[in-house]
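Feature list (source: Swiss-Prot):
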SIGNAL    1-22  signal peptide
TOPO_DOM  23-628  topological domain 'Extracellular'
REPEAT    70-91  repeat 'LRR 1'
REPEAT    93-114  repeat 'LRR 2'
CARBOHYD  ASN93  N-linked glycosylation site
CARBOHYD  ASN103  N-linked glycosylation site
REPEAT    117-138  repeat 'LRR 3'
REPEAT    141-162  repeat 'LRR 4'
REPEAT    165-186  repeat 'LRR 5'
REPEAT    189-210  repeat 'LRR 6'
REPEAT    213-234  repeat 'LRR 7'
CARBOHYD  ASN223  N-linked glycosylation site
REPEAT    237-258  repeat 'LRR 8'
REPEAT    261-282  repeat 'LRR 9'
REPEAT    285-304  repeat 'LRR 10'
REPEAT    310-332  repeat 'LRR 11'
REPEAT    335-358  repeat 'LRR 12'
DOMAIN    368-421  domain 'LRRCT'
CARBOHYD  ASN382  N-linked glycosylation site
DOMAIN    421-514  domain 'Ig-like C2-type'
CARBOHYD  ASN522  N-linked glycosylation site
DOMAIN    523-617  domain 'Fibronectin type-III'
CARBOHYD  ASN579  N-linked glycosylation site
CARBOHYD  ASN608  N-linked glycosylation site
CARBOHYD  ASN625  N-linked glycosylation site
TRANSMEM  629-649  transmembrane segment
TOPO_DOM  650-708  topological domain 'Cytoplasmic'
Amino acid sequence: MKDMPLQIHVLLGLAITTLVQAVDKKVDCPQLCTCEIRPWFTPTSIYMEASTVDCNDLGLLTFPARLPANTQILLLQTNDIAKIEYSTDFPVNLTGLDLSQNNLSSVTNINVKKMPQLLSVYLEENKLTELPEKCLSELSNLQELYINHNLLSTISPGAFIGLHNLLRLHLNSNRLQMINSKWFDALPNLEILMIGENPIIRIKDMNFKPLINLRSLVIAGINLTEIPDNALVGLENLESISFYDNRLIKVPHAALQKVVNLKFLDLNKNPINRIRRGDFSNMLHLKELGINNMPELISIDSLAVDNLPDLRKIEATNNPRLSYIHPNAFFRLPKLESLMLNSNALSALYHGTIESLPNLKEISIHSNPIRCDCVIRWINMNKTNIRFMEPDSLFCVDPPEFQGQNVRQVHFRDMMEICLPLIAPESFPSNLNVEAGSYVSFHCRATAEPQPEIYWITPSGQKLLPNTLTDKFYVHSEGTLDINGVTPKEGGLYTCIATNLVGADLKSVMIKVDGSFPQDNNGSLNIKIRDIQANSVLVSWKASSKILKSSVKWTAFVKTENSHAAQSARIPSDIKVYNLTHLNPSTEYKICIDIPTIYQKNRKKCVNVTTKGLDPDQKEYEKSNTTTLMACLGGLLGIIGVICLISCLSPEMNCDGGHSYVRNYLQKPTFALGELYPPLINLWEAGKEKSTSLKVKATVIGLPTNMS
């Protein structure tokens, strides 16, 4: 009991002390600002309870004259502060300073000599134009510096001297036109560098070599068209890199090979037109690959993504022209679990693509124009345990009988095992105007079972097979046509043809050079009859014009007195020899070659030719066949006569009906077999090259109408 007064005095003293401190704190807090304890994460992501002074959005013109002594975080965002004067009253424990969205125009107006403990400084959305030498050298403990969205056009080589503890540097959205590797000599511990959305003209070799501890590099939105092979040399600890929203037209494969520990790669929103063989290969630590939102991406070629033993996820979505993925595009990816391919222009995905991914757990191919035929039938064959994401958005676009149906609801037996090739409409444009001397590529890809072969036909009718190399043309094995140094002579119609055992598909592009076609010289067309037989005629032709369409028409009119048969054929323009077969002996024909040009004019020429007559042996053979045929016909008529006689003797049958049937049968008009069965049309195989007809059309005109 004697100790009670003492305890009361102690508690009273503590209460008075706390009250005095609270009053002092309240007095020190700047007017209109909020002073309180708030959660805060350090640059190294350590959580702490920090004494925070919040003076955001108050229209302040000057830095607060007095702050609580224990202030750790000072927020001055969205004011009109243009200068920070020297003061002896700066809190010595200040670790975070946010001066974003103010009116600062020079770093020299920011006096930070009394802020040695600062860890984070935010200077975003001010009017800073340059960083002079040693401008922040007193901040030896600084770990984060944000200078995004300023007007920086100049950074002195020694601007960051003294910031040897800096971990994060953000320079996005300024006016920098170059990157100087000397900037980084003073930043050996930098882990994150963001320098996107600057008008940087190009990146040079060894630009980032001093950043030996860099882990994340973001070079987004700076209109880069290429990355030098040695640009990333020295970044041995780099784990993540983003080239988002640049103008790269191909994967910077050689540069990426120098980053041996890369785990995350972002190439989203670049106009890369194809992922080529080996573009992503032997990157032993890569875990995630992003190739989304690429407006020009058409195909992912064979072995494009190869030997990435740690890759877990591929995202290739929202690519409006991505219409082809080679069956062997993804190879040696033992840990790949997630394959995102939704919202592209894919008509199919080969089963072989999926079979090559042993650990695949989920796939997304919805929102694609799926053609429900042989290539995609594996989906419904219950041969996979892979989870399809958003299956309710997976619909058939073709063929018409399945249009609008959910792919998973079409039975695999309703889809053929083999099917025609299909060249995606998005592969290349139908018309293109190019400048003289330029280089152009057309990427032709087709899906089918069996897999199709692809070749090209030039305006002159020249056939270009895969791996063909000339002075002007090169056809890649995948089907890409390169035209080098375009001149007016290269103008005209180029046709890609995809063919397999089932049939063929074609797609053409009309090229103008400097807005016009080559001059039309009213080129000649010559026809030559190379061989005449009793049942066939071999015809060839030559056109001086080099601007033919990809189809040639052939027609033949039989000029015998009673014949009305005519046939026609459309064939590729690279075929200039044609064999007309199954013709009638000793018969005069009119053969016409009709060649349309890109000027909507036609080169047409006709010749008359008479087939040979049959030799004596053939005549004797045909006579024997005719005798045999007549004997069989006589026997057949005899049997019919007996049947009719028996029918007449029967009281239940009408004899007149039988006589009427025989009479009608015998009165059938006669006609040549060639008129009823048009001659088969075969392409002439010249040498070892095999050409496939795109469309063969045979018609018979004016046959007798009362054949029954």
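Glycine residues also receive a Cβ, built from the backbone N, Cα and C atoms like all the rest.
Overlay of Swiss-Prot annotations on the structure.
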residue	record	Cβ contacts under 8 Å, 6 or more apart
ASN93	N-linked glycosylation site	ASN70, THR71, GLN72, GLN117
ASN103	N-linked glycosylation site	ASP80, ILE81, ALA82, ASN126, LYS127
ASN223	N-linked glycosylation site	PRO199, ILE200, ASN246, ARG247
Give the distance between the Cα atoms of ASN579 (N-linked glycosylation site) and ASN608 (N-linked glycosylation site), rounded to the nearest whole Å.
15
The answer for the repeat 'LRR 3' (117-138), taking Cβ pairs under 8 Å and residues 6+ beyond its ends, is 42-43, 77, 92-108, 110, 144-163, 170
For the repeat 'LRR 10' (285-304), what's the mean pLDDT in this predicted model?
97
Least Cβ-packed of the glycosylation sites ASN579, ASN608 (other Cβ atoms within 10 Å) is ASN608
Taking DSSP H, G, I as helix and E, B as strand, the repeat 'LRR 10' (285-304) contains 0 helix, 5 strand, 15 coil
Long-range environment of the repeat 'LRR 9' (261-282) - Cβ separation under 8 angstroms, sequence gap at least 6
236-251, 253, 288-308, 310, 329, 441, 443, 478, 480
Sequence-distant contacts of the repeat 'LRR 6' (189-210), meaning Cβ under 8 Å and at least 6 residues beyond its ends, amount to 148, 164-179, 181, 216-224, 226-235, 242, 244-245
So if I exclude everything within five residues of the ends of the repeat 'LRR 2' (93-114), which remaining residues of that chain have a CB under 8 angstroms from its CBs? That is, six or more out.
40, 42, 50, 56, 70-87, 120-132, 135-136, 138-139, 146
